[in-house]
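Database features (TrEMBL):
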- 77-96: transmembrane segment (TRANSMEM)
- 112-584: domain 'Glycoside hydrolase family 9' (DOMAIN)
- His514: active site (ACT_SITE)
- Asp562: active site (ACT_SITE)
- Glu571: active site (ACT_SITE)
Amino acid sequence: MHTGNNWGGSFEINHGEVTTSGEYDRSRTSEWDSAALYHHQNLDETQQSWLLGPQEKKKKKYVDFGCIVISHKALKWILGSILLAFCVIGLPIIIAKSLPNHKSPPITPDNYSVALHKALLFFNAQKSGKLPKNNGIPWRGDSGLNDGNDTDVKGGLVGGYYDAGDNIKFHFPMSYSMTMLSWSVIEYRDKYKNINEYNHARDLIKWGTDYLLLTFNSSATKINKIYCQVGGHRNGSQTPDDHICWQKPEDMDYLRPTLTCQSGPDLAGEMAAALAAASIVFKDDNVYSTKLIKGAQTLFAFARDSGKRMAYSRSYPADIAPYYNSTGYYDEYMWGAAWLFYATGNNSYLSLATNPGIPKNAKAFYMIPDFSVPSWNNKLPSAMLLLTRLRLFLNPGYPYEDMLQMYHNVTGLNMCSYLHNFHVFNWTNGGLIMLSRGGPQNLQYVANAAFLASLFVDYLNASGVPGWYCGNNYIPSDVLRSFATSQMDYILGKNPMKMSYVVGYGNKFPRHVHHRGASTPNDHKYYSCNGGWKWFNTNNANPNNIAGAMVGGPDQFDKFSDLRDHYNNTEPTMAGNAGLVAALVSLTTTAGNGIDKNTIFTAVPPLYPQTPPPPPPWKP
């Protein structure tokens with residue numbers, strides 16, 4: 001049966017008209033089929049299209065989603081893409097999430113970083129004045145709030161730091177400590193930041209420099225005095241004072257006189273160095289940095305005053321000289337001038353620091369072994385290293401080159417003196433260099449020397465220099481670094497006593513530290529001048545551990561007496577801890593390696609070597 005008519009008419013058959021003659025049906029069907037075939041075979045394609053119409057195309061199938069209609073083919077592409085993305089991206093994520101979570105462990109801090117965190121806390125424990133709430137030492141409170149009331153300073157001399165186990169504020173070693181802390185922050189700023197101690201270190205420096213700015217008229221350009229000490233003890237005196245009484249700072253009720261110095265190039269030179277170095281630390285605070293520079297310049301002018309060139313300690317032979325006696329001031333001239341040059345870029349300071357008369361009067365080139373030992377009293381090795389830095393990285397040339405080369409050579413020889421094989425200093429059997437020549441408090445000198453040695457190595461590395469010469473012997477810089485690490489490792493416990501000499505570091509450390517605040521219970525009870533001595537005399541361990549304090553250390557036989565009355569062994573000092581902090585940050589590798597080459601030169605203008613003068617005319 002035909003249901004369609006290619007001719008355009010209807011071929012529909014009426015079911016009511018059924019024919020019974022089979023022959024008729026066959027003939028009609030046959031004729032129709034023949035004609036159709038005949039016509040199809042003799043028409044070209046165009047004619048066939050006219051007669052038969054267009055050939056039926058395959059219809060596209062669509063899916064209706066209500067808001068959108070999309071073809072089957074597109075839908076397959078979309079679904080296939082989603083499946084592929086799931087296999088490539090989603091499936092790995094699901095698998096990763098389903099597996100046990102094994103995070104990479106954090107980098108374990110090395111011993112030097114751990115000790116550094118504690119060493120900085122010592123300065124929090126030594127703070128005088130009204131303490132901030134975040135000071136972090138629970139057994140310390142406000143103290144010394146009447147300091148300086150006997151001066152013309154508005155508000156007195158409140159603040160600063162107590163020097164050691166007593167409650168005296170010695171401004172000379174306090175200034176040196178601030179210079180050393182600032183130097184370490186300038187050189188190793190990124191390390192401090194990486195171990196989250198940068199802001200802490202800056203706060204400690206500012207606590208000290210804020211106080212130092214009170215000790216002279218910092219708003220003036222010319223001064224005639226400096227308040228050089230608060231509190232103290234006069235030998236032979238029985239009047240209650242900082243040595244007669246064993247009292248924690250919070251209980252002090254005796255008079256604490258302020259000592260005034262009308263001369264003191266050593267003290268003023270060191271104070272100028274502290275403020276100048278701190279001004280670089282705080283260069284991001286223009287107002288404060290400028291204030292520090294102005295104060296440093298005023299102090300240095302006082303130090304250079306030809307009418308005031310007497311060592312500050314000679315003004316008080318009974319009050320200062322027995323404790324922090326200064327033996328000269330030309331090293332402070334070199335030291336202070338170097339820091340003022342870096343802080344200001346003023347070439348007049350560099351000219352002074354490289355003036356041949358300064359090292360001559362300081363005996364810098366005499367190669368006396370004791371002059372290679374850095375300390376609060378001897379700035380020569382530190383100052384010459386600081387100026388060697390200028391030669392290595394900026395190379396200013398004439399007219400400074402000759403003297404800078406000499407400083408560089410002597411710095412190399414100083415480093416040679418620290419090495420065991422040159423036998424300049426004695427060493428203990430346990431491996432500790434005896435820079436104090438058998439005297440007390442050896443560790444503070446060792447820590448300072450370790451810092452200078454480590455810093456010199458970093459200078460060489462930053463310059464691409466692998467070593468230096470000790471006479472005819474070429475010394476790779478790694479040898480000097482090994483010296484620094486060996487000495488710090490000794491201090492931290494690698495010694496015959498198996499004891500750490502930094503309180504709170506390791507399992508075995510001094511428990512009877514010679515320190516008034518640490519040895520007196522924090523029980524909110526008042527202990528009188530004489531009544532406090534029971535805490536000195538007890539055999540019990542200190543109730544308060546003064547975390548981070550580096551004690552005086554062992555003797556030349558590696559022996560250590562953990563007794564309060566052996567203060568040469570068990571008393572910590574600010575100057576010692578400043579060197580400790582500097583050495584530790586220089587050696588830690590947890591927070592990275594190397595120095596900050598450029599920050600110290602921020603204020604230094606471009607230096608171009610000047611043309612040397614012509615030779616004198618020849619005379620027959």
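Even glycines carry a Cβ here, placed using N, Cα and C.
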Looking only at His514, Asp562, Glu571, the active-site residues on record, which one has the least crowded Cβ, with the fewest other Cβ atoms within 10 Å?
Asp562
Quick check for the class: what is the C-alpha distance, in angstrom and rounded, between Asp562 (active site) and His514 (active site)?
9
Taking the Cα atoms as reference points, how far is Glu571 (active site) from His514 (active site) in Å?
5
